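Here is what TrEMBL records for this protein:
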- B:4-166: domain 'FeoB-type G' (DOMAIN)
- B:11-18, B:36-40, B:57-60, B:117-120: GTP binding site (BINDING)
- B:Asn22: Mg(2+) 1 binding site (BINDING)
- B:Ala23, B:Thr25, B:Gly26: Mg(2+) 2 binding site (BINDING)
- B:290-311: transmembrane segment (TRANSMEM)
- B:350-374: transmembrane segment (TRANSMEM)
- B:394-416: transmembrane segment (TRANSMEM)
- B:428-449: transmembrane segment (TRANSMEM)
- B:461-483: transmembrane segment (TRANSMEM)
- B:518-539: transmembrane segment (TRANSMEM)
- B:559-580: transmembrane segment (TRANSMEM)
- B:619-641: transmembrane segment (TRANSMEM)
- B:653-676: transmembrane segment (TRANSMEM)
Amino acid sequence: MLVTGIIVLGVAVYAVWAVRKIRKDRKNGSCCGGSCSGCVGKEYCSK
Amino acid sequence: MRENLTIGFIGNPNCGKTTLFNAYTGANLKVANWPGVTVEKVEGAIKDHDLNIRLVDLPGTYSLTSYTMEEQVSRQFILSDEVDVIIDVADASALERNLYLTLQLLELGKPVVLALNMMDIVEKRGMEIDTHRLPEMLGIPVIPVSARKRIGLDVLLHAAAHHKDCKDPECLIHHHKYKPKHRHDHHSEYAMVYSDAIEDKIDLIMAELKRKYPNLTNYRWHAIKLLEQDKEISERYPVSLPDVIDRNYESDIINEKYDFIQEIIREVLVNKDRQDALTEKVDQALTHRVWGIPIFLGIMAVVFFLTFTIGDWLKGYFEMGIESLSALLSDGLVAAGVNEMLRSLLVDGIVAGVGGILTFLPNIFILFLALAFLEDSGYMARVAYVMEGIMSKLGLSGRAFIPMILGFGCTVPAIMASRALENRRDRFKVMLITPFMSCSARLPIYILFAEMFFQEHAMLVAYSMYLIGLLVAILVAAVIHLIDRRKSENYLLIELPEYKIPSSRTVAIYVWEKVKDYLTKAGTTIFVASILMWVILNFGPQGYTTEMADSFGAILGHWLVPFFAPIGLGFWQIAVALIAGISAKEVVVSSCAVLFGVPNINSGAGMDTLVGILSASGFGQLNAFCLMVFCLLYIPCAAALATIRKESGSTRWMLLSALFQLVVAWVVTFIVYRIGLFI
């Protein structure tokens, strides 16, 4: 039960982080293949 | 406490500016866009000489007019208070061409240091540059460097740090050995002094500017721009001097600058005519009128061959790793008594999905390594020249082929590269056809299905996808040109750099960026897509189900089957995988792993299992080929769509683009399928 709970929590936390990263990249611009489109000023694409 | 210093790097394209910039910053880059425009801005930061140094890589440009966004952005940045020193990177082996930008930079009135790059090539050719006379004639420090061999970098930075306060004429060490020919004797103040007629006009305009705009700085530069009838300056600082600015003096000013450049070259350059014989010989073959294109196709075939052979050999080790991890995880979870549903999510969902994509990393690595090699060697510029003939028949310039080549790597930078086209109509045309070029994300789909259904012909089949994509792009461009007969106003003017051995550091940084991006995509988009895929395939109207046929995914898939059936893809699992592939093309493969319940889809056993399952449903070679063609041509991934929206400035255009690609994909696949059935 404990193991199940830890795994579920771990997957959930990672999934939330992944979705936030995807949204952050899309908000700043679109990044793929080492290039980013649309990032402006201080909002840098994560590299 | 450390002081701050901002250095801007500027130079002609192919002068080695990026190599030099990377030599200082390594891979520690931040990439953004300049505010309000879609021109890329690259920044790095280092600490040196008790200074926090911010390095800004300005776009490669031949001049500082206001015709293109790159030039405008560079000019505005230099004129702003943001930058302290400019490092003008010049290709020393093509000094004559590079000095035009230098003279323009000197007129901007900011501290400039000239970095003579590629000095190793100068030495190899037996040329010599008088590096004592050149600073005397330009009035700025001149530092010989070789970014590739990392020579002179510390000296350059030292010079920039110490030159940052040199704005006053006293800092110029400039004297002619000739008696000045002009009435005006500004030679102790400025490197570039024009003829008397032009200097008279500059003086009059400067006087008027001082009267009308007392807070302006650098009157001389503004006066020169007004004489050139520079659009931006004329609008911002108009003056009423019709007798003085009686016409456009731009060509006069350019000619006088080049006269001065000739004077400089005569004085400082020895043995200037020793061109690189090897480059000339190689170009005779690679840019041959008839053989140029077949050679290009041959080189791309070699790239593909390497991607398949070396990539597949390395892939084997990744597959073993993923297989072991999957088995270990499954056994461990069983031993820990973990719930069966959770075990399925982890093993059949996440590990199958993400692991399936990670095994293709070696192929992606080899592909980008080969493309980086071709780019840095100087060959890619030749491709634009070689394709000029075909592109002009399609109403485009050869320069439009550069985004298309970049599309072999990734559609996002390819679409961004369309910014280089000055004509808006051409930019939109290129944005429409570039997604047809097969990007690296589709490679896993080709490798998987080609190896499963075509075995020894797998590489040929996968290579044919690249040719089909190129052909469709050209055909679509031709049709658009037939409808809209206006010829492109972009004439091809492109510099063909000397061939050189690619810099290992530049190639390594480039490939590392791509690999990092691939891993990030696997860890984010593919991860989330795999979980979503697992959820829709294991949950149905009755809740959790182990029978996939009862899941939401199956219901959705069955709805879509009538759309895909006429093109040989009437299988609900394939339909679901293709929808999922809109998030990222690699998801088609990871979805298949989840959809068909094959954990290690790339292993020999995994592929055999998948072939068995597919064949049992009537999915054969023709269907596999149709699937690859459809994946090649249909809606680009979400990142590419977002890029199209950003670059075009229109959501409507993005949606039209996506619909257009879907229709083309369906029609072409339909034709292929019907021909296949007939054969």
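Glycine too: its Cβ is placed from the backbone N, Cα and C atoms.
Remember, predicted model here, so these are calculated numbers, not experimental data.
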- Under an 8 Å Cβ to Cβ limit, what residues of the same chain, 6 or more beyond the ends of the transmembrane segment (B:428-449), are close to it? 307-308, 312, 356-357, 360, 363-364, 367-368, 395-396, 400, 403-405, 407-411, 414-415, 418, 421, 458, 461-462, 465-466, 469-470, 472-473, 476-477, 480, 514, 584-586, 588-589, 592, 601-602, 607, 624, 627-628, 631-633, 636-637, 640, 644, 647-648, 653, 657, 660-661, 664
- Item | Same-chain residues near the transmembrane segment (B:653-676), Cβ under 8 Å, at least 6 residues beyond its ends | 428, 431-432, 435-436, 468, 472, 476, 566-569, 622, 625-626, 629-630, 632-636, 641, 644-645
- Query: Considering only Cβ pairs under 8 Å, which range in B:350-374, B:394-416, B:461-483, B:518-539, B:619-641 makes the most contacts with the transmembrane segment (B:290-311)?
  - Reply: B:350-374
- Query: What's the CA-CA gap between B:Lys17 (GTP binding site) and B:Ala23 (Mg(2+) 2 binding site) in angstrom, rounded?
  - Reply: 10
- Task: Would you find the one among the binding-site residues B:Asn14, B:Asn22, B:Thr25 whose Cβ has the most company, meaning other Cβ atoms within 10 Å?
- Result: B:Asn22
- Hey, does DSSP put B:Asn14 (GTP binding site) in a helix, a strand, or just coil? coil
- Note on the structure: Quick note, the residue listed as 'Mg(2+) 1 binding site' and B:Asn14 (GTP binding site): C-alpha atoms separated, nearest Å, by 14
- Query: Counting Cβ atoms within 10 Å across all protein chains shown, which of the binding-site residues B:Gly11, B:Gly26, B:Pro59 comes out on top?
  - Reply: B:Gly11
- Around B:Ala23 (Mg(2+) 2 binding site), how many other CB atoms lie within 10 A of its CB? 21
